[in-house]
Each structure stands twice: as structure tokens, then as C-alpha cells.
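A.B. asks: Per TrEMBL, the features are:
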- 1-124: domain 'Dihydrodipicolinate reductase N-terminal' (DOMAIN)
- Gly7, Ala8, Ser9, Gly10, Arg11, Met12, Glu33, Gly97, Thr98, Thr99, Ser121, Gly122, Asn123, Met124: NAD(+) binding site (BINDING)
- 127-263: domain 'Dihydrodipicolinate reductase C-terminal' (DOMAIN)
- His154: active site, proton donor/acceptor (ACT_SITE)
- Lys158: active site, proton donor (ACT_SITE)
Amino acid sequence: MRLVVAGASGRMGQTLIRMIAETPGVVLAGAIERTGSPAIGEDAGRLAGLDANGVIVTDDPLGLLTSAEGIIDFTAPAATVELAALAAQMRIVHVIGTTGLSKEDFARLKAAARHAVIVQSGNMSLGVNLLAAVVKRVARSLDADFDIEVLEMHHNRKVDAPSGTALMLGQAAAEGRGIDLDANADRVRDGHPGARQKGHIGFATLRGGTVVGEHSVIFAGENERLEFSHKAESRTMFARGALKAALWGFGRKPGYYSMADVLGLGDF
Ligand SMILES: NC(=O)C1=CN([C@@H]2O[C@H](COP(=O)(O)OP(=O)(O)OC[C@H]3O[C@@H](n4cnc5c(N)ncnc54)[C@H](OP(=O)(O)O)[C@@H]3O)[C@@H](O)[C@H]2O)C=CC1
Ligand SMILES: O=C(O)C1=N[C@H](C(=O)O)C[C@H](O)C1
């Protein structure tokens, strides 16, 4: 499968280029960066710390996507929405790891999924997707006497909060409990917010150092507490998950899919 990597010089982009080089069944067909990026014109292999591979980083996705079967995109919301429209035009697979997407962004991605095979997830790792399934199941068994809090920590370069994973875990908890997340989320607390509202799902965000990504979902009841955690130790499993999603989506009918679909966790 011929794959283009968007955000090629980013943390995930470089990890993907290395992972594609060692994964059977996929080949790097192109590498895209933001217009004005110093990476434009560089060799993508070299950029990722490998030998030169002859794939030169460009800011012209259209030219590349005509001869590709999929694009893997860990970039920024505005770029992802534009790339989804191009993926729809080319009727190819678009694997989206970008987080910080707004409601409007999601609506545009869903529109693009009428023609593209879109696999989108705030976290591409098997571990986090299993964790989300567990959280949903536990939330179904515990009533609102158990306060649900989602805690996350990431490196000091991360620009969005709460993380995509934290929101995904919050969504899983809300679905398990049968409530609407937007109407029941406490995403920020500051000053004098008053006592915790029963039934709400709280979020807490930590940023520092080089932490790849850590998430905990806490169910705090009277005199007892359940905690479920995931700690990412490198970015390789995000990249592995994204490649698995691309191969899974290849030849599939257009639609909007999740990693739970890819991993077969729907009825977990
Ligand atoms: N779903 C998952 O499993 C995971 C998701 N993520 C998410 O992926 C995203 C990227 O993370 P990370 O790699 O750490 O971030 P980086 O900032 O290291 O990489 C993002 C790259 O995308 C580039 N970019 C920005 N705009 C465009 C554009 N229009 N076209 C092409 N490239 C563009 C950036 O360029 P420049 O720096 O010049 O602006 C940068 O090189 C984040 O939203 C993050 O939360 C991360 C890990 C796992
Ligand atoms: O920005 C990151 O680094 C990560 N982002 C994703 C998120 O927002 O949850 C996934 C992972 O935790 C790393």
C-alpha cells in the first residue's frame, strides 16, 4: 500500500517514516509538510534518522495523493480538515491521529467520509482502545455515586488540552453511564467553582518534560476508588496502530471508522 505521511518532520511523522521502512505491505510514497517548513526539500529518510530514501518532503499534497492509496496524518486540525477533502477527492484511505479537533472539524471529516475511508482516533494504541472499552463497561456498572475523573500528562510541546485520548476516555465513560459528555464535562476548574456536581465527568491536565502520554480514569466512590491507567513509553505503538488502520481500510467502502473498528473491539 502506497502511503503518504503528513507532518513528516513532526514527532509522529518521523516515527511513521521509520515504522513504514520496517513494515511489510506498506511503502512511503510521499512526505508532506506545512508551507514554509524548513523540512521542505529534505529527504524524508534522512529527516527520520534513516539512510536517504529518495522521498523528498513537499508542501503539495495534491500531486502526491493522485498516486497514493492512503495518507497518514498526525498534524494540526486545519491541515487535517483540508487533507480529508483531498482524500475524499482521491477516494483513498485517510488515517487521522490529529487531536484538538472542534465539532465543526468533525462535521467536515464526516462529510469527507462519504467518499474517503477515514479512520480517526485520539489514540491509535491497542492499550488505550482496550482501556476505553473497559472504562465504558465499568461506567455502566457504577452509578453516579462514583465520581469520574480523567487525568492526563503529556510532554511540554503539546498544544491541545484535554488530550484527544482523555476526551475519548471521557466519551467512553459517558456512553457507559448513558449521559451526554458535552453536557456533563468539567474540562477546567479554577477559582471557586463550588462543590463537585454529581454525575459530572472531570478532566485534569498536566504538561511537562518529555512524557509521551499517560492517562488515568478514576472512579471515586465513598471510601473506595477504582483507577485504570495507561502509560505510553514510546510513540512506536501509535505509528503501528496507524499503519494497521491504513491496511485495514485499504479496499473498504468509504465511511467514518474508529480504531475500535480496526481492532474489532465493538462488542468487547
Ligand atoms: N492519535 C494518536 O494516537 C496520537 C495523536 N497525536 C496527535 O498528532 C498530532 C501531531 O503530534 P506530534 O507529531 O507530536 O506533533 P508535531 O508538532 O511534532 O508534528 C506535527 C507536524 O505537522 C506539521 N504540520 C502542521 N501543519 C501542516 C500542514 N498544513 N501540512 C503538513 N504538515 C503540517 C507540523 O509542522 P510545523 O511544526 O512546522 O507547524 C509538524 O511538523 C497532535 O495533534 C497530537 O496530539 C500524537 C501522538 C499519537
Ligand atoms: O500530543 C501527543 O503527544 C499525544 N497526543 C494524543 C492525545 O492527544 O491523546 C495521543 C497521545 O497521548 C500522544
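Cβ from N, Cα, C; glycine included.
Set these features in their place in the structure for me.
C.D. replies: Of all Cβ atoms in the protein chains displayed, 21 besides its own lie within 10 Å of the Cβ of Ser9 (NAD(+) binding site). Ser9 (NAD(+) binding site) falls within neither a helix nor a strand when secondary structure is assigned with DSSP, and so counts as coil.
Note on the domain 'Dihydrodipicolinate reductase C-terminal' (127-263): DSSP counts are 52 helix, 36 strand, 49 coil.
When other Cβ atoms within 10 Å of the Cβ of His154 (active site, proton donor/acceptor) are tallied across all protein chains shown, the result is 25.
Residue density at Lys158 (active site, proton donor): 18 other Cβ atoms are found within 10 A of its Cβ, drawing on all protein chains shown.
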A.B. asks: Taking the Cβ of Gly7 (NAD(+) binding site) as the centre, count every other Cβ atom within 10 Å, in any protein chain shown.
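C.D. replies: Step by step: centre on the Cβ of Gly7 (NAD(+) binding site), count other Cβ atoms within 10 Å, giving 26.
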A.B. asks: Taking DSSP states H, G and I as helix and E and B as strand, how many residues of the domain 'Dihydrodipicolinate reductase N-terminal' (1-124) are helix, strand and coil?
C.D. replies: 44 helix, 26 strand, 54 coil
A.B. asks: Among Gly7, Ser9, Ser121, Lys158, which recorded positions lie by ligand 2, judged by Cβ under 6 Å to any atom?
C.D. replies: Lys158
A.B. asks: Rounded to a whole angstrom, what is the C-alpha distance between Thr98 (NAD(+) binding site) and Lys158 (active site, proton donor)?
C.D. replies: 12
A.B. asks: Thr98, Ser121: which of these binding-site residues has the sparsest Cβ neighbourhood within 10 Å?
C.D. replies: Thr98
A.B. asks: Using a Cβ cut-off of under 6 Å to any atom of ligand 1, determine which of the recorded positions Gly7, Asn123, His154 qualify.
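C.D. replies: Cβ under 6 Å from ligand 1: Gly7, Asn123.
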